[in-house]
Amino acid sequence: MIIFITGGVRSGKSSFAETIAVYYGGQTPLHYIATSARQDDEMNDRIKRHQEARRVSRYRWKTWEHLRNIHELEQSIEPNRVILLDCLTNLLTNELFHGWESKRKQWLELNTRMNIYKKIMDGISMLGKKNILIVVSNEVNYGLPINDSGTYFFAQLLGNLHQGLVQKSDWVYQVEQGLPILRKGPHELEKQSIVF
């Protein structure tokens, strides 16, 4: 089963995703795939806050720091688990701009973008096939200023990934100002006693 949660920056989507993971996880270990790269002080602080929240949680979290190639985790995670992937936006950034230091602009190549799309979607499909997979992503296409080809192709590819993920997902939520809005799926989950 796949649950897709999208929303703006600091909208509450990660907290909502963790709540759903705990709801489905019960007493089993919860798996957290962290995709954020430690690029600056702000990101380091965010990573530390997320790690601390999981550490003091009464639930057991197994964290996988995996910036790219999430398909590699399929063999490492036992079936019938709850997995939280946070977040697709960072995963795409890491895949699309990997090796940017070498000045090679791989994101300009259509084949590269198509391969990245396929690799990410295949990884999500593999992880969601035998598990409950919760995927978090940022909604950036509402007003992202497009000033260069990298930003353009990133926004285009993220939009394509969102559309593909909506099709694959059993439930889709958009979180705005801390309020989860069901966009796709049966309403049974919404009626459960999930306290956010």
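Placed from the backbone N, Cα and C atoms, the Cβ positions cover glycine too.
What you see is a predicted model, and the numbers here were worked out from it, not measured in a lab.
As recorded in TrEMBL, the features of this protein are as follows:
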- Gly7, Gly8, Val9, Arg10, Ser11, Gly12, Lys13, Ser14, Ala34, Thr35, Ser36, Glu65, Asp86: GTP binding site (BINDING)
- His50: active site, GMP-histidine intermediate (ACT_SITE)
Cα-Cα distance linking His50 (active site, GMP-histidine intermediate) and Ala34 (GTP binding site), given in Å to the nearest integer: 10
Largest tally of Cβ atoms lying within 10 Å of a Cβ, found at which of the recorded positions Lys13, His50: Lys13
Rounded Cα separation (Å) that holds between Asp86 (GTP binding site) and His50 (active site, GMP-histidine intermediate): 10
Length of the line joining the Cα atoms of Ser36 (GTP binding site) and the residue listed as 'active site, GMP-histidine intermediate', in Å: 11
Alpha-carbon spacing, Val9 (GTP binding site) to His50 (active site, GMP-histidine intermediate), which is rounded to whole Å: 15
Nonlocal residues around Gly7 (GTP binding site), in sequence order (Cβ under 8 Å, 6 or more apart): Lys13, Asn138, Glu139, Gln174, Val175, Glu176
Recorded GTP binding residues, Gly7, Gly8, Val9, Arg10, Ser11, Gly12, Lys13, Ser14, Ala34, Thr35, Ser36, Glu65, Asp86 - maximal Cα separation rounded to whole Å: 23
Distant-in-sequence Cβ neighbours of Ser11 (GTP binding site), under 8 Å, six or more positions away: Glu139, Val175, Glu176, Gln177, Gly178
